[in-house]
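Colleague: After the structure tokens below, expect a handful of questions from me.
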Amino acid sequence: MSLDNYLVLAAILFSIGAATVLLRRNAIIVFMGVELMLNATNLLLVTFSRLHGQLDGQVLAFFVMVVAAAEVVVGLAIIVSIYRTRRSASVDDVNLLKS
Amino acid sequence: MSTFTAPHVDWAHLSPVLIVLGAAAIGVLLEAFVPARLRRTVQLSFSLAALAGALIAVAALWSGVKSSGGVHVLGTALVVDGPTLVLQGTIALLAIVALLVVADRTSTGEDAFAPSAASVPGSDYEEAARRLGLQQTEVYPLLLFATGGMLIFPATADLLTLFVALEVLSLPLYLLTGMARRRRLLSQEAAMKYFLLGAFASALMLFGIALVYGYSGSLSYATIASTTANPTGTDSLLLVGAVMLLVGLLFKIGAVPFHAWTPDVYQGAPTPITGFMAACTKVAAFGALLRVVYTVIPGLKWDLDVVMWTVTILTMVVGTVIAMVQTDMKRLLAYSSVAHAGFILTGVVALTPGGVSAVLFYLLVYGAATIGAFGVVWLVRERDADGVVVGEATHLSQWAGLGRRHPWLAGSFALFLLSFAGIPLTAGFVGKFGVFSAAVDGGAWPLALLGVLASAGAAFFYVRIVVLMFFSDAPTEPAAGEPLEPSTQADVVLEGGATPAVATLVAERAPALTTTVVGTEGWATVSIGFCVLVTVLLGVFPTPVLDAIAHMSTFLP
């Protein structure tokens, strides 16, 4: 398998994640889109790490996992608190702040 | 068996960061072990001491770094050079000033935060927590964690640290945004928007980091700079990566078109937190952006100029134009901060040594005026028919005639606005003059010209508020039939329907609201006074500070 296959797969996964964030309505799903973007990046990092024959990229991938876990904690706390207030996790219902 | 060699860690140069992050970790323990009634006092004095300690540590390192030019710390993870110290000093100082506003309580003992952030707005539980006088003292460690991330952010010398610092500063801010005492739905909504957009932007930035790593084979700034110094042809991997990296940083700055979160978050967050976030995040993010643009990818200047120029022009124009039509004070200040991000970007785009010191000075004076302005917004409250002070009076019409009843407070607010507008003899003028002349030196004169025009346009709405405060009569009663903020009165389906504590929800406006200035313990007044002092002193005698910054504005490659 050539390098390109890995890069294309990572780009496709990243685009799916980005599209999820931009198009979906449910905050939890949007959040899953962000996680998919982060994991697509991890694939990219590990691929490049192998390409360059050193571990920097893999180390960064581990940090990304830790940060993603911390992000889940904070994000779910916020989404759950909104859900308990409104009985809805749709990002369209959250529209009190408008310009 | 191989021998173990301990790594060399330069603890002294890490001390500002270590003090703040260490204090934040201890703050979490204090939360667990200190009795509830002492907690606020202990947390507040401890946090103030930690930030003051960081400021002293920066001062202690100052002369050494000035003579040596700076050192790399922890391998190549961090670099402590002139701009790092200036930015860390600015962040620590502004964080102290912002912390005073955060800590302040009204004469009835209410701070800016929900008595129990986990309670459902309008629920019996929230009402019980309010009656018991509970307080979320977790605010102080969260604020310290955010400040710690901000101290690391401009000092990063590799992409890994950049990403981790970005998250360390962002995550506590997401939480703090959602903890307002009043208008809690707006606050929670702002927190969710900030979180989702922030996570999206950091994912984009991370992808950019991965691409740049793929091109250069290293995460360290120095190696990336040497591999990109002479780009051969246009390597799409590098270009796309660099642009995505910049997008992540520009998002934190609030530059157009990545500014969508700014007005919502600034409006929804508790006002003292808005002040902290507007000032300190901007300082940290511009610090990181300066380092990336000046030391990592200067080889791509020709390719990236298109992006940076477009963003700068859009930021100045969109920020100014939309600010003109705002009717809410916090949103207006938010768009004004977007416009200011554009003005500061002209200094970044300049790519001259003078540009660095101009940006550093601008960040200091902008931060001081911002914290002061949001401090004033926090004090100006609505009072209902029974004379009970409720939430902030953020609608512009409510500020009419404030200058006659509270000349000192309105006077200091006017001073901050004039400084934003860049009127001579205020610090804002010196800052703007610095970045625009740096832009001209760097050959970006169209940006400087546009910046001057945008400043003139911005002066229009700043002066309009000054006129409103001093030269128009206070409305005896709000115009009947005109909903002040229609959007906040939307139907919100709440479990339990109308409950007694509905006052903490969104629509706090009954017809007979008057505007007043709330009495407090005085911390916010101290903070505003300090900001006034900085704004005036740096406007009249900027030379010592300008000189001090100019000697410290060389990046260590």
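Using the three backbone atoms N, Cα and C, a Cβ is placed for every residue, glycine included.
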Colleague: Tell me which of B:332-353, B:530-551 corresponds to the transmembrane segment entry in TrEMBL.
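Modeller: Spelled out, TrEMBL records transmembrane segment over residues B:332-353, not the other listed ranges.
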Colleague: List, by number or range, the same-chain residues at least 6 past the transmembrane segment (B:12-34) whose CB is under 8 A from its CB atoms?
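Modeller: Distant Cβ neighbours of the transmembrane segment (B:12-34) are 42-43, 46-47, 49-51, 53-55, 57-58, 60-61, 71, 73-74, 78, 80, 88, 92, 137-138, 140-142, 144-145, 147-148, 151-152, 155.
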Colleague: State the non-local partners of the transmembrane segment (B:236-261) in its own chain: residues 6+ outside its ends, Cβ under 8 Å from one of its Cβ atoms.
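Modeller: Answer is 159, 166, 170, 193-194, 197-198, 201-202, 204-216, 228, 281-282, 284-286, 288-289, 292-293, 297, 300, 303-304, 307-308, 311-312, 314-315, 318-319, 337-338, 341-342, 344-345.
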Colleague: Mind pulling out the one from B:139-157, B:194-216, B:273-294, B:443-463 with the most Cβ pairs under 8 angstroms to the transmembrane segment (B:85-103)?
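Modeller: Checked against B:139-157, B:194-216, B:273-294, B:443-463; highest Cβ contact count belongs to B:273-294.
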Colleague: Cβ pairs under 8 Å with the transmembrane segment (B:332-353): which stretch of B:139-157, B:194-216, B:273-294, B:443-463 has the most?
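Modeller: By Cβ pairs under 8 Å, B:443-463 leads among B:139-157, B:194-216, B:273-294, B:443-463.
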Colleague: Using a Cβ-Cβ cut-off of under 8 Å, list the residues of the same chain that are 6+ residues beyond the ends of the transmembrane segment (B:194-216) and lie near it.
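Modeller: Counting only partners 6 or more residues beyond its ends, the transmembrane segment (B:194-216) has Cβ contacts under 8 Å with 159, 162-163, 166-167, 170, 173-174, 177, 223-224, 227-228, 235, 237-238, 240-249, 251-252, 258, 260-261, 264-265.
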